[in-house]
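Colleague: I am attaching a structure below and will ask some questions about it afterwards.
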Amino acid sequence: MFRSLLVAAAQRPQAPGPGPPRPPPPAGPAAEALEAQFSCPICLEVFHRAVGIAGCGHTFCGECLQPCLQVPSPLCPLCRMPFDPKKVEKASSVEKQLSSYKAPCRGCSKKVTLAKMRSHVSSCAKVQEQMANCPKFVPVVPTSQPIPSNIPNRSTFVCPYCGARNLDQQELVKHCMENHRNDPNKVVCPVCSAMPWGDPSYKSANFLQHLLHRHKFSYDTFVDYNIDEEAALQAALALSLSEN
């Protein structure tokens, strides 16, 4: 939602001030380059508490990079290069640049530095009013399941070894078999931990075997999440077999 703000910030005229005149802000392709420079590759929003990976030099929001720092062998989410979590540092130069540009709030039109835009938008009455008027989610057919805004994401998962994101269940199995077949580390199964019965602290002794035996099918396709794990597994197996 901040992409238009970045372009607006890049194209606004510079106010005169003390010292030598500043060069005109970039426009066109240069503005697009500025937008890319200030956007986190993970959340695609303006950087928030930006941090940089020393090895490859890529920058992310501190919070966005956190899942990668929790795995035994972290990889850069952008280039997949291994990195040392101890060598992730605050991107001070990026924060300084964010503080030098202002853009109008999309709700109240007040000019705010890009560094403070997220916090401003979260408390802006005009923005909240706009959000309140947005259409609300309504299921196409009646369902006993909670609406999506109230349930965890069970469609995509994060690799517990390297932090690769947005993997569906089959992609997670394929990714782990191709990239982590010989990794001896005990890790938490992201599929199981997303389930109501899952234990987010339990680490599988042999995660790859667990994946192959437990997660050949998608729980989302077959499972009623209101029943316990064993009943859900049996129901899913029965329905899966009936489709084959």
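The backbone N, Cα and C atoms fix where each Cβ goes, and this holds for glycine too.
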Colleague: Of 85-104, 105-124, 145-164, which range does Swiss-Prot call zinc finger?
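Modeller: Based on what Swiss-Prot states, zinc finger spans 105-124.
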Colleague: What does DSSP assign H120 (Zn(2+) binding site), in three states?
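Modeller: SS state of H120 (Zn(2+) binding site) = helix.
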Colleague: Which is it, of C105, C108, C124: the one of these binding-site residues whose Cβ has the most other Cβ atoms within 10 Å?
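Modeller: In terms of Cβ crowding, the pick is C124.
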